[in-house]
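Peer 1: This is the structure I want to talk about, given as structure tokens.
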Amino acid sequence: KKLETLGSEDEYDGDFNESSEDLISPVPGGPFSALTPSMWPQDILAKLNQPEDPNSQPDYRFDEFGFRVEEEDGPEQSSKKLLGVPFVEDPQHRQQWLTLMEFSRSQEIPETLWHRTDQRLPRTDKLREMVRRGIPHSLRPRIWMRMSGALHKKISSDMSYKDIVKASSSDALMTSKQIEKDLLRTMPANSCFSNLHSTGIPRLRRVMRGLAWLYPDIGYCQGTGTMAASLLLLLEEEDAFWMMATIVEDLLPASYYSSTLLGVQADQRVLRTLIANYLPDIDHVLSQHDIELSLISLHWFLTLFASVVHMKILLRIWDLRRHLAYLMADQGGLVGNPDAVPNLPKQHLNKRQMKRNKSVLQTFLFGSDDSEEDAKSKNIRQTEILVDLRETILQLARHFINVDPKLTNVSLIADYTMESHSKDHDNYVNVSRTRNRRAKALLDFERHDDDELGFRKNDIITIISQKDEHCWVGELNGLRGWFPAKFVELLDERSKQYTCAGDDAVSEAVTDLVRGSLCPAVKAFLEHGMRRPSFLGGSCHPWLFIEEASTREVEKDFNSVYSRLVLCKTYRLDEDGKVLTPEELLYRCVQAVNLTHDNAHAQMDVKLRSLICLGLNEQVLHLWLEVLCSCVEIVQKWYQPWSYINSPGWVQVKCELRILSQFAFNLNPDWELPRKKEQSQPLKDGVRDMLVKHHLFSWDL
């Protein structure tokens, strides 16, 4: 299913207005009282404030953090256990912290006074002692931000949170679909995250998308979602984001949330060693029953215990961890280093950069000459684009190899030789000679007679005869028989062997890899060095360049091309057997995408992704790049001299894209468009009526 999120939910509104007169406040120490004010669920609070009906029995109640507490699971009235202890702040304890912060009064602290405090708290023995005794809950968001270094990161960042939200929402990242699936699974027992209309869901979506965009090496990890949801209960959205960024980038090793989970696996080894040394009885039990400890504790570490312990305990753990982790991140590992040997340098995560364009006034006053630093950043950006594109291509290739072992011998090394370019067009011309006639089953068809061919949905059938319009003869697993033609879909297998790994109707993973990973990488390449419009409101998108370049390539012989396009039954083969050139094929695909997508009012990003899917289906994506880059006049109009497309660097990208021509894709170009209404007559009923009309057979479908 496609992602269906409201546009307003992807927009960050900024600071929360706490002075709203209509805001319903929770009772101190009662349900939702420990939440940050912007997370108070007004609908539930309104119900709680209504007079109770003596005849009604509530199914559950809520604790201070918004978690549902079933009546049978709640504490007894005389219980001294954790759930029975009121979560109420001690005024004397709060005053001690205010004294430490050099505040003279214990009332509500104005924002202006907080701005005067240091971005980081000085690390003293007094602070450590105070942290061990606990942080007052009302001061916890401010203290955490200063104790962890998140406030310093927020203030010193080149990008604002609003810019990050906008950048992460403008493109369909591969992680967006995974994030959307896990939104309601992250904290279902909390009323702030229990349904799509809960106050925390759009905030969690924006925070997780922003993290996945800012740290592309990590992307999305399920453990980070639980941490972010816990932070959103206490901190405002922007502060929660920068706290998460600090945890991921500074407080934890760089490989903690990577695809290999190397950092957290190292922690599991350390934990196992510590248990063996200091808890031998537990170690004996684990060894006796052959229990792998990491299967139990790995998720504890990934979520920093947010998924394990009660919120009241979690806050105390995080109080200490924010302080101690900051010391460890700042000074390096302290344990097991008695001789003070210098530690290895801390690894750092790759982080996206956002360069702001000069305004018209700045360009007029100071010119547009690029400095030496700008040249270095451009070179770095070029390398990043190529590395990202290369990695996405390899991910796609590994996907095909894992699903279809027959492809293990496919070469994943790009061929940069001059001979490879001359072979491209020879291979392209020969594609029509190796065409197979096979079809993919759209529905199950049960075999009742010996002359029928039964099959299951997504089976691949070899077509023997298509003489009859409605009933074809085919072969499957050594059996031959007839079957309804409407039950199958012909496959385009020119020069390629069909595999379910490349069919988006069978494999959901290939959709994520192509539309969520490859397409953004190709778009980043096409956008590199693109000239920005000199007038306000002017649009600038690779799709506009592709439209103009493809039209220019075929307009010399427009009339003959148009006649062939009308008669053509496939994208590549004309009625008279002539193979369309890559230029003609590109033009036809661009026009086809415009025809279908304009009716649905699709954005240019969607059009570009659909065109890339068509290029993969036809195995000509690398040749299309050559067509576009060879149109020198249009390239110079749209691109800067230092851009990839306007330099010889595009040849290297073409060689990388050629790797994908070895794989058979069967992608639906209309995947992102709204689904058409279902046919009024079901497919099976239509086939039954057809067979009755032609007096062929009579059987019960």
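Easy rule for this one: first residue shown is 1, then count along the chain.
Glycine is no exception: its Cβ is also placed from the backbone N, Cα and C atoms.
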Peer 1: Which stretch does TrEMBL mark as region 'Disordered', out of 1-36, 73-108?
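Peer 2: Result: 1-36 is the stretch TrEMBL calls region 'Disordered'.
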Peer 1: Within the domain 'SH3' (434-493), what mean pLDDT does the predicted structure show?
Peer 2: 78
Peer 1: Using DSSP, tally how many residues of the domain 'SH3' (434-493) sit in helix, strand and coil.
Peer 2: 4 helix, 28 strand, 28 coil
